[in-house]
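Feature annotation from Swiss-Prot assigns heme b b562 binding site to His83, His182; the stated evidence is similarity to another entry. For His97, His196, the entry in Swiss-Prot reads heme b b566 binding site. According to Swiss-Prot, the ubiquinone binding site annotation covers His201, on the basis of similarity to another entry. Per Swiss-Prot, transmembrane segment is recorded for 33-53, 77-98, 113-133, 178-198, 226-246, 288-308, 320-340, 347-367, and the stated evidence type is similarity to another entry.
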Amino acid sequence: MTNIRKTHPLLKIINSSFVDLPAPSSLSSWWNFGSLLGVCLGVQILTGLFLAMHYTSDTATAFNSVTHICRDVNYGWLLRYLHANGASMFFICLYLHVGRGLYYGSYTYSETWNIGILLLFAVMATAFMGYVLPWGQMSFWGATVITNLLSAIPYIGTDLVQWIWGGFSVDKATLTRFFAFHFLLPFIVTALVMVHLLFLHETGSNNPTGIPSDSDMIPFHPYYTIKDILGFLIMLTALSSLVLFSPDLLGDPDNYIPANPLNTPPHIKPEWYFLFAYAILRSIPNKLGGVLALVMSILILAIVPILHVSKQRSMMFRPLSQCLFWLLVAVLFTLTWIGGQPVEHPYIIIGQTASVLYFLIILILMPAISLTENYLLKW
């Protein structure tokens, strides 16, 4: 008799995705982040659902409802901090996942890669709208500054901003719609994740060598299920430690001050995971130019497959490209640091230099070094 997991209409989908899936035998821990992102998404949806039961999306009561959750709801403080720091873990895993894709040439699976970019944008939009909901000072001013960037779009900009705001400033209508979209988007993200996996399973996984591994495959279960569970334990330990020992480490103290449209905070900045893009935005002294650079800093990922000119897929055997990759990582850390600093000397020039380097490495230096390595292969 055939096993039910191979015949049942629903179980056979799960079976072919997580049990009998042929996987390359050489996958390293860098391949753990996909499953970790799945866990993060699950944690965020669950904690978010319970938070939404007690939250009120009204400017008069939003801040107090969050305080009420932390003080009066059973384990409300735990839910709130799991959700806030869960977002940080989500982005750590997300950036490591994208970095893995860049390093090992996974972007040559163009459908999977493009859905991934779409997912990145969707998660960033969700996180931005979620940050507005507690209605603290940084929530209000962050929403005002970032939505106002759309006014840089010629002709329709101002109308577009007022349409998003639902009025002439960030107010009750804005908060209500942001809550609605913040609730809706994670489910759209979940659907996109399924499409992401669908396209991935069409081609099979890449591996660290970048060499086709069709002749050396192992079943996903038990080998990679056990490996993934170890990843879950490490990540959940890190998240628990952050939540239970220093829950406000990654937050902004200004967000404990209720939103006040008459009082601007000295330094308006987004959460840490957007600081690199914020630094690129600020480094250009023109509004429209800054907005374009901001969008391009993420959208540039879409042209990475076109810029791949190397004869080898992975960077595993390309030491020169490896040096450039780690320089890019250093530039991103620098941008993240600069994004949190005030706009004054010497931070301005450091930010501008790092922004130029960021685009220079991806657009010019990486392809140039790849061509050099191709030439060296002939020796």
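Just so you know, glycine gets a Cβ as well, placed from its N, Cα and C.
Features per Swiss-Prot, on structure.
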residue: His83; record: heme b b562 binding site; DSSP class: helix
residue: His97; record: heme b b566 binding site; DSSP class: helix
residue: His182; record: heme b b562 binding site; DSSP class: helix
residue: His196; record: heme b b566 binding site; DSSP class: helix
residue: His201; record: ubiquinone binding site; DSSP class: helix
Pairwise Cα distance for His97 (heme b b566 binding site)/His83 (heme b b562 binding site) [Å, integer]: 20
Close in space, distant in sequence - His196 (heme b b566 binding site), Cβ under 8 Å, 6 or more apart: Thr112, Ile115, Gly116, Leu119
Seg_contact(the transmembrane segment (288-308), the transmembrane segment (113-133)) with at least 3 CB pairs under 8 angstroms, min sep 6: yes
Distance [Cα-Cα, Å, rounded] between His83 (heme b b562 binding site) and His201 (ubiquinone binding site): 30
Distance, His182 (heme b b562 binding site) to the residue listed as 'ubiquinone binding site' (CA atoms, angstrom): 29
Spatial neighbours of the transmembrane segment (226-246) far in sequence, C-beta under 8 Å, 6+ residues away: 27, 29, 32-33, 35-36, 39-40, 43, 78, 81-82, 85-86, 88-89, 93
Whether the transmembrane segment (178-198) meets the transmembrane segment (33-53): three or more C-beta pairs under 8 angstroms: yes
Sparsest-packed of the listed binding-site residues (His182, His201) - C-beta count within 10 angstroms: His201
Surrounding CB atoms that lie within 10 Å of the CB of His97 (heme b b566 binding site), all protein chains: 20
Number of other Cβ atoms within 10 Å of the Cβ of His83 (heme b b562 binding site) across all protein chains: 21
